[in-house]
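Undergrad: First, the structure itself, so that you have it in front of you.
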């Protein structure tokens with residue numbers, strides 16, 4: 001039996017079964033009435049469930065089309081050059097921070113250990129999104145496979161959640177250093193630092209696994225056009241051809257846990273920090289204490305502000321143009337801001353960079 005266009009083998013089998021039932025029903029008219037009524041019951045059940053079965057076809061979408069910046073037309077090559085420059089600055093800036101902290105023993109302290117982990121996470125975070133976005137800016141075919149989209153979302157969410165949790169831990173580190181200076185070596189010993197960093201990474205990817213599973217367990221049988229430049233939750237879940245309320249509710253709760261809880265924790269930590277700093281008698285002492293927190297606080301405001309505006313609301317309120325601009329901020333500007341803020345505002349990092357440049361210069365002269 002030849003396969004009809006647009007019909008799967010399962011659909012053809014179901015339709016053949018329906019045809020046989022109709023023939024059976026017709027033959028029952030000349031037989032017993034009970035048999036006819038039984039076939040009527042079967043047919044009634046069949047025609048009730050068959051449309052629903054058609055609606056619940058899963059994973060018919062095999063690839064997604066990332067519309068991204070398609071509406072910018074001829075400006076896409078300009079955007080490519082701009083984003084490529086920013087991408088290279090992000091990589092070089094974060095690699096500089098990682099290298100300086102690793103090589104300079106004076107920076108082997110908890111604060112810089114967490115900064116090193118954050119910079120590493122930021123590097124992978126941008127690698128997950130920006131290379132594909134750059135390719136799509138120059139490509140006519142802006143597709144990503146179903147599995148590729150799920151993989152991108154998993155790693156993007158994993159590193160994003162890890163960053164949020166790390167910023168919360170860094171807030172606690174500043175609290176312990178300023179408010180509990182005598183107990184600081186005990187509170188933030190290297191074992192504790194390692195456990196906190198590992199907990200952030202594991203928790204980040206577990207939450208990411210939950211979020212990605214909730215999105216891609218839904219059936220996708222309609223449009224495959226993702227109105228974004230990467231596979232983010234809101235633009236993808238809107239394409240599902242099933243009820244998404246429960247999935248979105250669980251994702252929203254996870255978003256609250258990831259964004260609001262650490263932010264409250266950071267605010268409480270800084271409340272104690274401000275209270276302690278105000279007790280310092282000298283103006284120089286107050287300025288020095290505040291300067292150690294300024295860099296972290298700047299990154300927290302930008303990161304949490306942008307992420308909260310996108311993820312702490314239902315996908316029904318998703319606005320492609322506005323949200324694309326906001327996500328550019330936290331996928332490009334925040335990873336760019338992190339090394340710039342810490343290198344420009346932190347004297348220890350500035351000194352370590354000068355020392356590293358000086359050693360490099362001496363090595364080159366020796367050669």
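Each residue, glycine too, has its Cβ placed from N, Cα and C.
What TrEMBL shows for this protein is this:
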- 93-342: domain 'G-protein coupled receptors family 1 profile' (DOMAIN)
- 78-100: transmembrane segment (TRANSMEM)
- 112-134: transmembrane segment (TRANSMEM)
- 154-175: transmembrane segment (TRANSMEM)
- 196-220: transmembrane segment (TRANSMEM)
- 249-278: transmembrane segment (TRANSMEM)
- 290-312: transmembrane segment (TRANSMEM)
- 324-344: transmembrane segment (TRANSMEM)
Undergrad: Counting only residues 6 or more past its boundaries, what in the same chain has a CB within less than 8 Å of a CB in the transmembrane segment (290-312)?
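TA: Sequence-remote neighbours of the transmembrane segment (290-312) are 111, 160, 163-164, 167, 170-171, 174, 177-178, 232-234, 252, 255-256, 259-260, 263, 266, 270, 273, 277, 323, 326-327, 329-330, 333-334, 337-338, 341-342, 345-347.
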Undergrad: Counting only pairs at least 6 apart in sequence, do the transmembrane segment (324-344) and the transmembrane segment (78-100) share 3+ Cβ pairs under 8 Å?
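TA: Contact confirmed: at least 3 Cβ pairs fall under 8 Å.
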Undergrad: Short question: which residues 6 or more past the ends of the transmembrane segment (154-175) have a Cβ under 8 Å from it?
TA: 110-111, 114-115, 117-118, 121-122, 124-125, 128-129, 188, 196-197, 199-201, 203-205, 207-209, 211-212, 230-233, 258-259, 261-263, 265-266, 269-270, 272-273, 292-293, 296, 299-300, 303-304, 307
Undergrad: Going along the chain, which residues at least six beyond the ends of the transmembrane segment (249-278) come within the CB cut-off of under 8 Å?
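TA: Hits for the transmembrane segment (249-278): 161, 164-165, 167-168, 171-172, 174-175, 178-179, 207, 210-211, 214-215, 233, 237, 286, 289-290, 293, 297, 300, 304, 307-308, 311-312, 314.
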Undergrad: List, by number or range, the same-chain residues at least 6 past the transmembrane segment (112-134) whose CB is under 8 A from its CB atoms?
TA: 66, 68, 80, 83-84, 87, 90-91, 94-95, 97-98, 101-102, 144, 152, 155-156, 159-160, 162-163, 166-167, 169-170, 173, 190, 193, 196-197, 200-201, 229-230, 331-332, 334-335, 338-339, 342, 348-349
Undergrad: Restricting to the domain 'G-protein coupled receptors family 1 profile' (93-342), what is the model's mean pLDDT?
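TA: Residues in the domain 'G-protein coupled receptors family 1 profile' (93-342) carry a mean pLDDT of 88 in this prediction.
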